[in-house]
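Encoded as structure tokens, the structure appears first; notes follow it.
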Amino acid sequence: MIDITLPLTDIHRHLDGNIRAQTILDLGRQFNIALPAQTLETLIPHVQVTSTEPDLVSFLTKLDWGVKVLASLDACRRVAFENIEDAARNGLHYVELRFSPGYMAMAHQLPIAGVVEAVIDGVRDGCNTFGVEARLIGIMSRTFGEAACLQELDALLAHREKITALDLAGDELGFPGSLFLSHFNRARDAGWHITVHAGEAAGPESIWQAIRELGAERIGHGVKAVEDRALMDFLAQQRIGIESCLTSNIQTSTVASLADHPLKTFLEHGVLASLNTDDPAVQGVDIIHEYHVAAPAAGLSREQIRQAQINGLEIAFLSDGEKRALREKVAAA
């Protein structure tokens, strides 16, 4: 189902949601951190979704073991590097990795700006080693409140030239976008792109808010957009992309089944929706699974899957020249 003549992208992929179970074991042993299991086989149920979670917040607890072992900046650098290695193994040509530096720093009180620098270094080294092209998106974890998000923003802005965009993720219902207007004003002033997790746990009004108040150019998940025809029209007309994550939305109980997922409707409506993983290690999936298994199960035709692949590059945070160069590189391979 993947068109090998086109660039393969993953533009909604959490770096801190893609920490290998083996790496969690390794770092746990290195730093004498008590883990819930001592073998890879017995650890996996604690760090990977093995059945549908009742809600988004329950799903997010599966991520916690990955960051609990980040006891040094070198550990952060390692998982960033491994994220690029994983992308290369999946055949990705271009990936946008998003990460919450405050979340990664929290368990061991690491310097947040140091975490940002370590991630930048690890991704750079990975790209140089494996030939994948990548951009970084900084996340503010809304669940921790406005002040904590301000700390994350300051740390990201200290390395603003290496960050491409700002995102807001976490508890969408408890911490609406309206709390973070000044944060996004600063991000836009820095020249960053804006993407926002919206319409995942909350309704279409959250997507409208992300666009109108926060300046979102893309929406993460956005499944509730299907409930508002005017919003669907607006997304299509204004070319505001939807970063769809099929398997993730089932595992978080955001959508009841793949057959009920709105991605097919988005594509039929002309919305620039793409296929992405979200948290690959936690979900136990990769981009190949999303194209070959999840997308057909969601009712997408071969041509719609190809369109989603095209959309992934179309809405990527790259210049027109960078997109053209990537298309030419893949076509010539």
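Each Cβ is built from the backbone N, Cα and C atoms, and glycine gets one as well.
Here is what Swiss-Prot records for this protein:
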BINDING   HIS12, HIS14, HIS197, ASP278  Zn(2+) binding site
BINDING   HIS14, ASP16, GLY170, ASP279  substrate binding site
ACT_SITE  GLU200  active site, proton donor
SITE      HIS221  site 'Important for catalytic activity'
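Everything Swiss-Prot records as a feature, shown here on the structure.
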{"residue": "HIS12", "record": "Zn(2+) binding site", "CB count, 10 Å": "30"}
{"residue": "HIS14", "record": "Zn(2+) binding site", "CB count, 10 Å": "28"}
{"residue": "ASP16", "record": "substrate binding site", "CB count, 10 Å": "27"}
{"residue": "GLY170", "record": "substrate binding site", "CB count, 10 Å": "21"}
{"residue": "HIS197", "record": "Zn(2+) binding site", "CB count, 10 Å": "27"}
{"residue": "GLU200", "record": "active site, proton donor", "CB count, 10 Å": "23"}
{"residue": "HIS221", "record": "site 'Important for catalytic activity'", "CB count, 10 Å": "28"}
{"residue": "ASP278", "record": "Zn(2+) binding site", "CB count, 10 Å": "27"}
{"residue": "ASP279", "record": "substrate binding site", "CB count, 10 Å": "28"}
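In sequence order, LEU15, GLY17, LEU60, LEU63, ARG98, PHE99, SER100, TYR103, ILE139, ALA169, ASP278 are the same-chain residues whose CB sits within 8 A of the CB centroid of HIS14, ASP16, GLY170, ASP279, the residues recorded for substrate being left out. For the pair HIS221 (site 'Important for catalytic activity') and ASP279 (substrate binding site), the Cα-Cα distance reads 13 Å. GLY170 (substrate binding site) has its Cα within 10 Å of the Cα of these binding-site residues: HIS197, taken from HIS12, HIS14, HIS197, ASP278. The shortest Cα-Cα distance from ASP16 (substrate binding site) to any of the recorded positions (HIS197, GLU200, ASP278) is found for ASP278.
Rounded to a whole number, the C-alpha distance linking ASP278 (Zn(2+) binding site) with the residue listed as 'active site, proton donor' is 13 angstrom. Separation of the C-alpha atoms of GLU200 (active site, proton donor) and HIS12 (Zn(2+) binding site): 14 Å, rounded to the nearest whole number. Cβ proximity to the Zn(2+) site centre (mean Cβ of HIS12, HIS14, HIS197, ASP278, cutoff 8 Å) flags the following additional same-chain residues: ARG13, GLY17, ARG98, ALA169, GLY220, HIS221, GLU243, CYS245, SER248, ASN276, ASP279. Under the three-state DSSP scheme, ASP16 (substrate binding site) falls in the helix class. Calculated from their C-alpha atoms, the gap between HIS197 (Zn(2+) binding site) and ASP279 (substrate binding site) amounts to 14 Å. The two recorded residues, HIS14 (Zn(2+) binding site) and ASP279 (substrate binding site), show a Cα separation of 5 Å.
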